[in-house]
Every structure is written in C-alpha cells, then in structure tokens.
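Step one of this worksheet: look at the structure below.
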Amino acid sequence: MAENGESSGPPRPSRGPAAAQGSAAAPAEPKIIKVTVKTPKEKEEFAVPENSSVQQFKEAISKRFKSQTDQLVLIFAGKILKDQDTLIQHGIHDGLTVHLVIKSQNRPQGQSTQPSNAAGTNTTSASTPRSNSTPISTNSNPFGLGSLGGLAGLSSLGLSSTNFSELQSQMQQQLMASPEMMIQIMENPFVQSMLSNPDLMRQLIMANPQMQQLIQRNPEISHLLNNPDIMRQTLEIARNPAMMQEMMRNQDLALSNLESIPGGYNALRRMYTDIQEPMLNAAQEQFGGNPFASVGSSSSSGEGTQPSRTENRDPLPNPWAPPPATQSSATTSTTTSTGSGSGNSSSNATGNTVAAANYVASIFSTPGMQSLLQQITENPQLIQNMLSAPYMRSMMQSLSQNPDLAAQMMLNSPLFTANPQLQEQMRPQLPAFLQQMQNPDTLSAMSNPRAMQALMQIQQGLQTLATEAPGLIPSFTPGVGVGVLGTAIGPVGPVTPIGPIGPIVPFTPIGPIGPIGPTGPAAPPGSTGSGGPTGPTVSSAAPSETTSPTSESGPNQQFIQQMVQALAGANAPQLPNPEVRFQQQLEQLNAMGFLNREANLQALIATGGDINAAIERLLGSQPS
C-alpha cells in the first residue's frame, strides 16, 4: 500500500504542474468580450480579449474605420482612455459601449510621421491625406447637425453631405462672430415660444445624438433634464440674453480667480481634461479645431506653466464688443481721398461705392468662398435636394410674403452688418430676388451644373473685362438700357433664357453694388423684359448725371445692375404697389405722428419695410 501510495504519489505532483500550466494558460487565452464602439453617426461591435490594452483595441478599431491610431480618441465613463491602460482597468466588460472620436489631421507634421507605422496601416496612410485635405471629414458630424439636431423627417433636405457640413461650419463661425445676431435670434418670437415650452425643449435636447452620448457618460444630466424647475430656470435665462451674458461674465471671472485658491489650478486642469477636452475634440472637425490648442502649445513650450498665486483683479474684456472697423475705415478714407478732386459729394459717393465693392470683392475672393462655390457647382445633387424640398419652398414663400423678416435677416448677416452702403443697395433687390427664387426655371437652373458653370464664367468674364478693357463696359450706361446688351453680345432673344439666373448675380462680388440700386423697384413696372430701352430709361433720366462719377469707378456694377433690373421685370406684375405692400407700416407711422405720407413711403421703401429703421431715417431727415 505504501508502494501504491508512493506510486500513486508521483502522478499527483504531476497533475499539480499540469494544473499550474492550465492556470497559467488561462490568461494567455482570456475571455473574449464584445464591446460596442459608437461614433456620432454609426456604431460597430468588436470582439476583443478581456485583457487587451487600449492601444491594441485602437489598432482593431483603426482597421474597421480606416483611420490611424493616433487619430482615435476613446472615451468611457467621461474619461479618455490612455494607450498604456487595459480595458479591465477601466471596468470595460462584455456588452458595454465605448465612444469614439476621430480627430482630423490638419498639420503636415502628423502626415509625415504616418509612414513609420506598420505595413497594415501604410495603405490607409496613403489614402488618408487626400481625404484629410478637406476641412470636414466624412465621418464627422459630432453634433448631429446634418439632420438639424436630430429632428426627424428632415433627412430629405440632403443636409448630411460633406459639402453642406462645410457650409454649415462657416455659417456657425459667422454666427459666433456676430453676438448681436445671436441676441436677435434669441429674441425672435418663434425662438421665445420654443423656449417657453420645457417639454419641447427637452424632446429636442434628448433627440440630439451628442446629448445622448453625454447623458450616457453622465447619467446625472438626465435627472437635470427631467427636473421641471431646473428646466424652467434654464429656459428663463436662455430667453434673457442680457442675463445669460452676465452669468457668463461672472463664470469667467470666477474661473480666472480660481487659480489663486489652493488646489484651484489642479481643479481647473482636471475639469479641462475630463470635460472640456473630450467635448472640444468631438467638435473640432465641425468648428475648425480646438480653440485652446494654441494655448496648450504655448504653455507647453515654456512660458505660463506656473499657476498664478495672486488674485486676478484685471477687468475682463467685453467679448460682445463689436470688432474695430479700422481696415474698412482706412479703405473708405483712402478711396474718398483719391476721388476728392472731382467734388466733395461725388467723391464721397465714389469712395463709398468703391469701398463697398472692395469689401464684397474681398469676401467673395477668399479661398473658402471660392471653394464653396466650386463645391456647389460640382455637387448639383445637394442643391437639387435642398431646393426641391417642401421646407425650402415654404420658407422662400414666407420670406417673400414677409419682406420685413427678409430685410431683418439681411441686416443681421455679418456680410451686411459692417457695410450700410451695401444694405441700402440690396434692400430694393430683395423682393425681386425672393420671388425669382420661387420661379421653377430659376430652381432648375441652380440645380444644373452647366448653368452654374456658365454663370461663373459670366462673372469671371466681367471681372476680366473690367480689368483688361475698362473702356468697353462704360458703353452700358443707365440711359441706354439693356438693348446695348443685344447689340454687343448677340441677339436680344438669347438674353431672356438667362433671366431665371439673374437673382444669383447679387451673390457675386460686383452684383449688389449698382449705383442705381434704390430705383430698382420703380424700374420693373416700366420694363417689359424684352431688352429694350423702355424700362431703364424711365428711372435713369435724372440719375444719369448723378451716377456719372461712379461709372468710371464701377462700370461693371452698372451693367450688372441693369441686368438685374431687366431680369426682374418678368416678375414685376407680381410685385404689389409699395403703398399696398406697406399699408400697415404707413398706418403705424401715421398714428405715431409722422403725417407726411410720401416721406413715410420713401423711408419704408429705402428700409425694406423695417418700421424701426424707417423711424430713425425720418427722425434723421428732420431739421434740428
């Protein structure tokens, strides 16, 4: 028995090492877990070992999303996962969701270091620089704004494409650069009615994919949204822009003084790392980069790394102060000084016109605007989807029926805010433009890439003529009419098919700067659209002398203005009489004590029906 015991003893120790080997082999073949990786637009499921590192997890994700590992940012439970950590350390188990943000590579240094990766990623690195050359990545729509904040039923607008994302980003940047426009939007009755409905706002917020991710990472936010008192207080603050601005200033001041408190600097760093940095990284492709990136790079380079030990008593600058118009004023002064030899009044008018032309030309000659026009030309499906949607038609119809709203939108645009001269010349053309936008021929021409290309060629040709042959375009004077267009270019007949494209001209750098802009509404009733000199000669008898000085400085603007007036003559019978159109405003002005009906009508025509601007105009014209 002893021998048997001894003989049976050795197998037991032999099983011990086998068991030890089995236990040692268990970590080598760990449990496979399924983790869902969710981006703002899609989600994928990955099967990875439980003890995988974040770097290994990123390598698996990069193959599926065709991106480099250094572009991937993984967020779980409100924290950014570091490459050296493992999934177990962060508590990532089977069935959980990890959020992914794909960063864009804007710096060429990052692209030059990509070929040093593995051979499996070299193929993607060869293809990613081409796609990353665009400002907006096709995988990026972090806030779900392609579908208008997650609103259902608006996908037919075609707003999820890359080109519209770039257009949307530019509009958002202009909106953020114009706080007055943001305030007026918040004070809009429609927006106020939306903010007064907590249930509707809660539904809109919960429908936003970005807010859904934020709620998943921070469940306490859902409790705030479900609290009616907090929602009511928040919406009351949102309805009061002045209160919101004051709260923002107080918060900025409190954060600036937080550094002087012991431990405050670390709290600021932790808040930035855990909250602000993930949100900014998620939004950087939409808004053009992290606005604090330069601050971080400068602080890491040497200066400003030590926290402040004293209280900051310097007043904060006013972030809502309008930017100084030094460049525009300098341009105006130089242009007026160059034309001072021909008289004071004519030189001022010439200087203002040239300054307005330079202002608009500088905007439309920017690479971003040229790229946008090129993308619109190359992507007719986007324009067709937008213009054929019933929402766009109803919006254009409502704007044409409410010229006050259209004029207010134009005045609030950053393009016109800093240039009153451009505002005065665009107001008379606005009703004709809105009605032309409802013309089916105009909509079909805008969705036709060849028609858009022809329009761009016309614009480029006019600019070339104005530069190379300035003596040719002065022949198109206001008194001659558009009949010269037929003799100089060809028969009058081929001019009429271009009529639907006429409203696009105000978007060109030289379109809105016609010197006879205020007479636009008076010209269409006399013109028949046939190209004869009948229409323009009615309103050009007197202005022919006053606009002669500007014909030398901007003859191409006169030519474009004549085209716009002639092409708008086709829809002239649809325009109501100004007295009928502004009947309500005239009655209000009469009740206020402005008894001169003719002066009131002229003020309303000049201001596009804006009664507040008309009152200011009437008060300014009265002798003091």
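Each residue, glycine too, has its Cβ placed from N, Cα and C.
Given the structure is predicted, the values throughout are model-derived calculations rather than measurements.
Annotation comment: Swiss-Prot describes 316-325 as compositional bias 'Pro residues'.
Feature annotation from Swiss-Prot assigns domain 'Ubiquitin-like' to 33-107; the stated evidence is sequence analysis.
Secondary structure of the domain 'STI1 1' (178-206) per DSSP, as helix, strand and coil residue counts: 24 helix, 0 strand, 5 coil. Annotated domain 'STI1 1' per Swiss-Prot: 178-206, in sequence order.
Mean predicted confidence for the domain 'STI1 2' (208-247): the pLDDT average there is 76. Annotation source Swiss-Prot lists domain 'STI1 2' at 208-247.
The domain 'STI1 3' annotation in Swiss-Prot covers 379-426.
Summarising the annotation, Swiss-Prot assigns domain 'STI1 4' to 430-462. Residues in the domain 'STI1 4' (430-462) partition by DSSP class (helix H, G, I; strand E, B; coil) as 28 helix, 0 strand, 5 coil.
Each residue in the domain 'UBA' (581-621) gets a DSSP state, and the totals come to 33 helix, 0 strand, 8 coil. Marked as domain 'UBA' by Swiss-Prot: 581-621.
Annotated region 'Disordered' per Swiss-Prot: 1-32 (among others), in sequence order.
Among the features that Swiss-Prot reports, region 'Disordered' is placed at 106-141 (among others).
Look at Swiss-Prot and you will find 287-349 (among others) tagged as region 'Disordered'.
Residues or ranges marked as region '12 X 3 AA tandem repeats of P-X-X' in Swiss-Prot: 491-526.
Taken from Swiss-Prot, the feature region 'Disordered' covers 512-556 (among others).
Look at the domain 'Ubiquitin-like' (33-107): DSSP puts its residues at 15 helix, 28 strand, 32 coil. Per DSSP, the secondary structure of the domain 'STI1 2' (208-247) breaks down as 34 helix, 0 strand, 6 coil.
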